[in-house]
Amino acid sequence: PFILVGIPDLELSPTLLGFLFFSSYLITLLGNGLVLLLILLDKSLRTPTHCFLAMLAFIDVLMVTSVVPKMLSTLWLKAGEIGQVSCFFQMFLVHSTTSAESGVLLAMAIDRYVAICHPLRYQTILSHQTISHMALAITLRALLFILPLTGLVSHLSYCHSHLLPHSYCEHMALAKLACGDTKPSQTYSLLGSSFIVAMDLTFIMASYGMILKAVLGKEKTCQKALRTCGCHLSLLLLYYVPGMVSIYAQRVGSGVRPREQVLLADIYLTLPTMLNPIIY
């Protein structure tokens, strides 16, 4: 089995840090659970926007639940041991949910574009069938990206130390422990994640560019569009900025200590999931 170290060279008390992550986990479960419950009980909240919010809430709950409980057992109980199958499954959940969340944020940007630029055709364009197809496409893309990566990593030989200097089973941290050739998995991870992020951000920026073009010069419409899109733009900043900083820190690594790299990765998974339901 692997042994999760948690956060290397931790200066802050593990009990205090664990309490902070535990509090954010409870807020995440409460906030996203409330979103899902309200949408489920209130039939008026079955619009495309609320469907995408429900998808985002479900992904957020799955993402943090795959990481935080084990993280807390490592910090509080010093029980960092995790079997190889469990470790690879955790890696699969973490990377597939982050990919799916990026897809949902793209779908929400499309939703805002249709609502503002084509309001009379909104229900027709974003029908329940279209939303179902979008949800299926988001899920399949996440699975098709992460399944080969999981296969590449799980077939590596781990003949060196099994001490994993991370809070959860993250691909780059696992690859550093392998004694075989890790270039295929690292190249696939870099190209795949870059393609997904670049594609989603390109379409998101294009949708907001068309929104701005449609509302410029119309004061009332512009103010309404900014209010409507403000929450979504906040989610984009919360998700992509910590994510890209975390990935950059792991790839470059020379000027960023392992402790900061792990903390950035932990914040990337826990902070946006906690704040998403509060923002909306």
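Note: Cβ is positioned from N, Cα and C throughout, glycine not excepted.
TrEMBL does not curate its annotations; it predicts them automatically.
Record features (TrEMBL):
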type: TRANSMEM; residues: 16-40; note: transmembrane segment
type: DOMAIN; residues: 31-280; note: domain 'G-protein coupled receptors family 1 profile'
type: TRANSMEM; residues: 52-72; note: transmembrane segment
type: TRANSMEM; residues: 92-114; note: transmembrane segment
type: TRANSMEM; residues: 135-158; note: transmembrane segment
type: TRANSMEM; residues: 195-216; note: transmembrane segment
type: TRANSMEM; residues: 228-249; note: transmembrane segment
type: TRANSMEM; residues: 261-279; note: transmembrane segment
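A Cβ distance under 8 Å defines the sequence-distant neighbours of the transmembrane segment (52-72), meaning residues of its chain 6+ beyond its ends; these are 4, 6, 18, 21-22, 24-25, 28-29, 32-33, 35-36, 39, 82, 90, 93-94, 97-98, 100-101, 104-105, 107-108, 111, 131, 135, 138, 167-168, 235, 266, 269-270, 272-273, 276-277, 280.
If one looks beyond the transmembrane segment (92-114) by at least 6 residues along the same chain, the residues whose Cβ comes under 8 Å of a Cβ in the stretch are 48-49, 52-53, 55-56, 59-60, 62-63, 66-67, 121-122, 125-126, 134, 137-139, 141-143, 145-147, 149-150, 168-171, 193, 196-197, 200, 203-204, 207-208, 210-211, 228-229, 232, 235-236, 239, 243, 269.
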